[in-house]
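Chemist: The structure follows.
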Amino acid sequence: MEAKPVAMEVEGVEAAGGKPRFRMPVDSDLKATEFWLFSFARPHMASFHMAWFSFFCCFVSTFAAPPLLPLIRDTLGLTATDIGNAGIASVSGAVFARLAMGTACDLVGPRLASASLILLTTPAVYCSSIIQSPSGYLLVRFFTGISLASFVSAQFWMSSMFSAPKVGLANGVAGGWGNLGGGAVQLLMPLVYEAIHKIGSTPFTAWRIAFFIPGLMQTFSAIAVLAFGQDMPGGNYGKLHKTGDMHKDSFGNVLRHALTNYRGWILALTYGYSFGVELTIDNVVHQYFYDRFDVNLQTAGLIAASFGMANIISRPGGGLLSDWLSSRYGMRGRLWGLWTVQTIGGVLCVVLGIVDFSFAASVAVMVLFSFFVQAACGLTFGIVPFVSRRSLGLISGMTGGGGNVGAVLTQYIFFHGTKYKTETGIKYMGLMIIACTLPIMLIYFPQWGGMLVGPRKGATAEEYYSREWSDHEREKGFNAASVRFAENSVREGGRSSANGGQPRHTVPVDASPAGV
């Protein structure tokens, strides 16, 4: 008979041996094995809510300008080229920032890395209210867009807090609800502008004052991350390094193991045409419907919001689908799911560019397209946590940065200047999605297999992750966390592997989500 695991039922109390206790059930690596969406149980669910909300606020700040673009355009005298350049600037700043954020998460933890970035970029949001020229508009969009690197810390945080069977869902909800800011801001900014305008402000003044709302949201979110967030289930990085419970890694080792893992590069490419496409649509969809179908500012905002607002279920749905496919088919199921969903999204994007003659058809296809392209984002980060454990942050940063690179290239090629009509650019963007999704077939994990080839005989997850550590480091036990992760990832080999061994976990005796 299998022995029952020890219960860890009391939150915030030190158990015998110095091990922390939690309200949520955890595995041998102290990662939550359940996902209680409406709980604030510390540290797992509290960190989840801090992660998605701070990223949400950064998304609101970054895309606060497009809903008011007709007003800003007239005030500053922006040309089509100015608008295109600013759109590219808004997503290009985060390319290198996401790589830096991934490294910072590996070295100092997601809490300090996230809060620091958010506070450093907040002044740019406030400065949006005082710009006087096209160059000023470009600069504030560039520096505000750097805040989107907080996505990396959010995904790293969730991968550190939740076990393999729930990591896809946790990453999907955190990323999806954060991306929701791209839709919410399409409704928020026109409403804020109208309220300020009705009070008595001129249009020239009203749109400027409106930028204080996203600025304040971003400021308070950073403070909340510092106050309520925690790096790892066992504590913050500083404490874990001091007690010896966590190895303090070097930048060189983190960088080397990330750059030499080809799987991270492929995911960066494919994410460039899921999240990168989402960023592109956020920048162009409002103006497209406003100009193409001659609707008013509020209607265009509502239509554009429907694209981003789909994130409330689409990206979490992608993460949930990834976990479900894993429970049945292992890692191979996750890979097949990503390829299928993202390819369908590409086809729908092509259709969206073709049906520009019909307002109703364009709205319907855009909504359907949003579900697939955003679900692909969730499916991507159902795979990312398994690529590397030692360089998890930088791999997340490479993938996230790939999203921004895809957005920059797509906007520059198809939506910069007047070379292509917007509807033509959308059609070509769909073809790029289909083409850039194909390399997923090349991703192969020796212990679990790939889309087209099964696992290598005798290969194990422990062997795969231990290769990131030298013999000397393994003797010192520095790879202990990687070994525990491998033990808890048994089901990634499919049903037969999962039935062969169950991951160790702890189950609370008297706690429940309702009581949190």
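Easy rule for this one: first residue shown is 1, then count along the chain.
Cβ atoms are placed via backbone N, Cα and C, with glycine included.
In case it helps, TrEMBL gives these features for our protein:
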- 50-71: transmembrane segment (TRANSMEM)
- 112-131: transmembrane segment (TRANSMEM)
- 138-157: transmembrane segment (TRANSMEM)
- 177-196: transmembrane segment (TRANSMEM)
- 208-229: transmembrane segment (TRANSMEM)
- 295-314: transmembrane segment (TRANSMEM)
- 335-355: transmembrane segment (TRANSMEM)
- 361-387: transmembrane segment (TRANSMEM)
- 394-414: transmembrane segment (TRANSMEM)
- 426-445: transmembrane segment (TRANSMEM)
- 489-516: region 'Disordered' (REGION)
Chemist: Is the transmembrane segment (426-445) in contact with the transmembrane segment (335-355), using at least 3 Cβ pairs under 8 Å (sequence separation of 6 or more) as the test?
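Modeler: These two stretches do touch.
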Chemist: If contact means at least 3 Cβ pairs within less than 8 Å, sequence distance 6 or more, would you call the transmembrane segment (394-414) and the transmembrane segment (138-157) in contact?
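Modeler: Contact criterion met.
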Chemist: Looking only at the recorded stretches 112-131, 295-314, 426-445, which one has the largest tally of CB-CB distances under 8 Å to the transmembrane segment (177-196)?
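Modeler: Answer, by Cβ pair count: 295-314.
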Chemist: Same chain, outside the transmembrane segment (361-387) by at least 6, Cβ under 8 Å from its Cβ: which residues?
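Modeler: Same-chain contacts beyond the flanks: 155, 159, 164, 167-168, 171-172, 175-176, 179, 261, 263-264, 267, 270-271, 274-275, 277-278, 281, 285, 289, 293, 303, 306-308, 310-311, 313-323, 326, 331, 334-335, 337-338, 341-342, 344-345, 348-349, 351-352, 355, 395-396, 399, 403, 433, 443, 445, 489, 492.
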